[in-house]
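What follows is a single structure, written as structure tokens, with notes after it.
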Amino acid sequence: MRTPSIYSQDDPLSEALKPPESETELERRARLEQEAEAKRVSEQIDEELRQERESLKRKRGDVKLLLLGQAESGKSTLQRQFQLMYKPHSLEQERASWRTVIYFNVVRSIKHILSTLESWDDYIDDDAAFDSPTSKYLGGPRSGTSSPVIMNPTLENSGAHSRSGSPFQGNAAAASRSTIGSLRRRLSPLVTADAALADRLSGGITVSGSGKGGVFVRSGWQARTIENALGRKRGRISEEPGLKKPDDIQDALVQDVSHMLDVSKDDIRELWAHPTVKGLIARRRLKLDEWSEFFLRHITRVAASNYIPSTDDILHARIQTMGVAEHVFDVNIHGKSVSWHLFDVGGARGQRHTWVPYFDDANAIIFVAPVSAFDQEDPRTNRIDDSLQLFTQICSSPLLKNAHLVLFLNKTDLLRSKLDSGLRVQKYITSFGERSNDYETIVQYFRAHFLQVHRRNNENRRVLYTHFTSVVDTKATQRIIGNVRDSIFRGYLQSAALV
Ligand SMILES: Nc1nc2c(ncn2[C@@H]2O[C@H](COP(=O)(O)OP(=O)(O)OP(=O)(O)O)[C@@H](O)[C@H]2O)c(=O)[nH]1
Ligand SMILES: [Mg+2]
């Protein structure tokens, strides 16, 4: 008689799936082993999902905190600061998966630099470089993009350019083209890894309307990135004594990219330091995101074959959030441990519809607005203006009217460096007028606009707590988190739940 297997005798589907009569003893044993393994993996997934559901279940007395704000404002980075403060071991477990994100950030940056160079024919001549984009291409501020809220942003040339301003190209041009051409050839295998890395992180899910073609990840992507790399080995990782822990597991793709980075690090450094690249950046013809600049500045360390992301690297890494990710922390206050459920939302326009179901019974909101974004658009609205519109919606939402409201005016470090490099707010936000272009005047000006939005939408007379932040700065952010925690608890203790 055949050894019992998962194929039931009565089920018609099982009947159809029955092994062939001609099955040999060897094949039968292999099949049974496979079935047992599949069953074990499936049970383990069920158990993990059950445990996850259990741990996420919100109890009476738990705090529900929402992190809201536009894309790239710093919500997930702030979430990582909460994680660092209240659940540091979980960040440790994720360290390996951040390597994939950071490699992806680096490869994307190189790809972006090379394609921008290509559109400039690998050279920028000084005349073209010094032309003001607005005067040359737009003839002044573009109309038709005025702000529905407060500001009246002007737009900068969004990238269209012509090479006709370079009437002669001498030795400098030829040398630039030759060097960049060779670098492009040598770096092409690395750049080709972009798609595979994106696929590894997103699990093959693409999101339409994702602006810069970014990669989105859902809650729990860190573990899945490792699973995606391991395929069927999933589930055995931590159980069997002989098998490696997730950190030790060698993802072939990541290993390949690591190797390519190691052998290309001098080329990447050369590209990053090339006068044409520096010229394009200085003239704002090549715009790099803050994380690109951060990892390129640290390329020698990041491209080393034994690279392990530091906590600072993890805070600077960029991956877009898809939907809403819930994180639970136990927060101790006055000797009492309370579970905080922190909801980190995707801020891209196409993701905002997913927020509303989470508004119900929220205790607190941290709204994150990047003040450094005054010179950016999303996609045709000035980003500060977009933040103000979003903040208007949050302040006026009846579902959120009882939630404690905190505003983080974030990325103040980047604002300072933009001002140091000579950027003028008035150029992008005409209503800023002739005010002084110094840090203090600017942050107070933005703060006043947010306060005004709050005042106009404040039937409940609730307080708005504002903080100037740079959430990549761990020490300062943890102090502010402590502050926010205390203020949330003060309000919260008054509600009957805890007293
Ligand atoms: N320098 C600097 N970088 C920051 C700051 N806050 C966030 N970043 C960086 O900005 C990038 C975007 O931050 P995220 O936290 O991913 O933004 P998000 O709001 O979660 O974006 P979505 O998930 O798309 O809604 C990351 O590379 C961060 O490291 C800051 O205060 N200063
Ligand atoms: Mg995010």
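Going from the start of the chain as shown, residues are counted 1 onward.
Using N, Cα and C of the backbone, Cβ positions are placed for all residues, glycine too.
Here's what TrEMBL has on this protein:
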type	residues	note
REGION	1-43	region 'Disordered'
COMPBIAS	18-43	compositional bias 'Basic and acidic residues'
REGION	134-173	region 'Disordered'
COMPBIAS	143-169	compositional bias 'Polar residues'
BINDING	L315, H316, A317, R318, I319, Q320, T321, N410, K411, T412, D413	GTP binding site
BINDING	T321	Mg(2+) binding site
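For the compositional bias 'Basic and acidic residues' (18-43), DSSP puts the residue distribution at 19 helix, 0 strand, 7 coil. Close to ligand 2, meaning a Cβ under 6 Å from one of its atoms, are these of the binding-site residues L315, A317, I319, T321, K411: T321.
Sorting the binding-site residues K411, D413 by the number of other Cβ atoms within 10 Å puts K411 first.
Following the DSSP three-state reduction, the secondary structure of L315 (GTP binding site) is helix.
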